[in-house]
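Colleague: Dropping the structure in here first, questions after.
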Amino acid sequence: MLTTTATRPADAASRQTSPAVSYADWTRWDERTAARVAGAASVLLALTTAGLAAVRLGAGTAAAVGAAVALPAVVGGALLCRGGRRAAGVPLLGLGGSLLALAAWLGLQAVEIRLVAGGAALGGTVALLGWRTDRFRAAVVAAGAVVAGAVLWAGALAVVEAATAGAVLGVVSVLVLGVVPRLALASAGLTRWNVRRPDAATVRRHEVDTALAVTHRELAPVSIVAAASATAGGWLAVDGAAGWGFGCALLVALLLVSRCRAYPLTVEVLALLAGALLLAVRVVGVWSAGTAVGPLVALGVLCLLPLVPLAAPPSEQVRRRARQTMNVAESTAVVLLLPVALGACGLYDRFVDSF
């Protein structure tokens, strides 16, 4: 009895202090966090300086100076990473790649060439960064996603007008966001789990979550680029045919919200939700240009909507019905997206005018 009563307070104390200890572990300011903040600050200050130089000295001069600074920064960052000083090499590589992309954007005239040159600069920097930090596979995936996105947007803008390109690439990007989770399952081997375990052993959820998280970590750049492309597509589609552009942007926003449920990483979910929020604000901003009060009220309700489940946590039955409703809404949005996108491209107006 004495032993039992003596150990209970200790167990209670450990249970009370362990959350605080774990909380302090990931919130404290340490050397690694300081290095990351210093690197991010240097990149941000360099881009700000280049932007101010473009305003004061002109785009051509700023592009030449930026390229002259970017190339030595990339080489120096690669050498530092090779020598084991990644704390300084990685930010220097990021600084050089960002300046090189900005210099390409400022020094070139056509938007299509700007996109290709900027995407190539960023993709090459990411690939070089992965090569020097022993994460070459993930870096190649990220570089390929950036370059592919830039080339697709450049090709679309070179062929059709901006609103049409936005509608088309918005649809394509949303479809890519639906394929990435299935690709992650296949890459993690979860679709072949029964074949790999013929003894029908119980698969732990921790094993599945770990395998899926590792695969999504490599595919996260694809998800982020696709989310950014879908957001840009919906943003430009608003300027399409009257009514159809609004519908296309709203459907893309709905699909971004619904498909974030299939992504386990925080950075992926944040990218999709941020894109949906930007599209909602874009639609409300254009809609309320005629001094209409309704869109502003709708945006105010949207601000309070995420707080409802936090203030009154729903039951499991309500959660299940909400998931079913979201599944139906997602399927309906997928079916409607292509016809609405064709309307945003002006296809129906041309068809009517032909008669």
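Note that Cβ sites are derived from N, Cα and C of the backbone, with glycine treated the same way.
Okay, these came from TrEMBL:
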{"type": "DOMAIN", "residues": "36-351", "note": "domain 'EccD-like transmembrane'"}
{"type": "TRANSMEM", "residues": "37-55", "note": "transmembrane segment"}
{"type": "TRANSMEM", "residues": "61-81", "note": "transmembrane segment"}
{"type": "TRANSMEM", "residues": "88-107", "note": "transmembrane segment"}
{"type": "TRANSMEM", "residues": "113-131", "note": "transmembrane segment"}
{"type": "TRANSMEM", "residues": "138-160", "note": "transmembrane segment"}
{"type": "TRANSMEM", "residues": "166-188", "note": "transmembrane segment"}
{"type": "TRANSMEM", "residues": "219-238", "note": "transmembrane segment"}
{"type": "TRANSMEM", "residues": "244-262", "note": "transmembrane segment"}
{"type": "TRANSMEM", "residues": "269-287", "note": "transmembrane segment"}
{"type": "TRANSMEM", "residues": "293-312", "note": "transmembrane segment"}
{"type": "TRANSMEM", "residues": "333-351", "note": "transmembrane segment"}
Colleague: Among 113-131, 138-160, 219-238, 333-351, point out the range having the most Cβ pairs under 8 angstroms from the transmembrane segment (61-81).
Modeller: 113-131
Colleague: Would you kindly check 113-131, 138-160, 166-188, 333-351 and say which stretch has the most C-beta pairs under 8 angstroms to the transmembrane segment (219-238)?
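Modeller: Between the stretches 113-131, 138-160, 166-188, 333-351, 166-188 has the largest tally.
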Colleague: Checking distant contacts: for the transmembrane segment (293-312), what same-chain residues at least six beyond its ends satisfy Cβ-Cβ under 8 A?
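Modeller: For the transmembrane segment (293-312), the sequence-distant neighbours (Cβ-Cβ under 8 Å, at least 6 residues beyond its ends) are 280-281, 283-284, 287.
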Colleague: Relative to the transmembrane segment (166-188), which of 37-55, 113-131, 244-262, 333-351 accounts for the most Cβ pairs at distances under 8 Å?
Modeller: 244-262
Colleague: In terms of Cβ proximity under 8 Å, which residues at least six beyond the ends of the transmembrane segment (37-55) contact it?
Modeller: 61-63, 65-66, 69, 87, 90-91, 94-95, 98-99, 102-103, 106
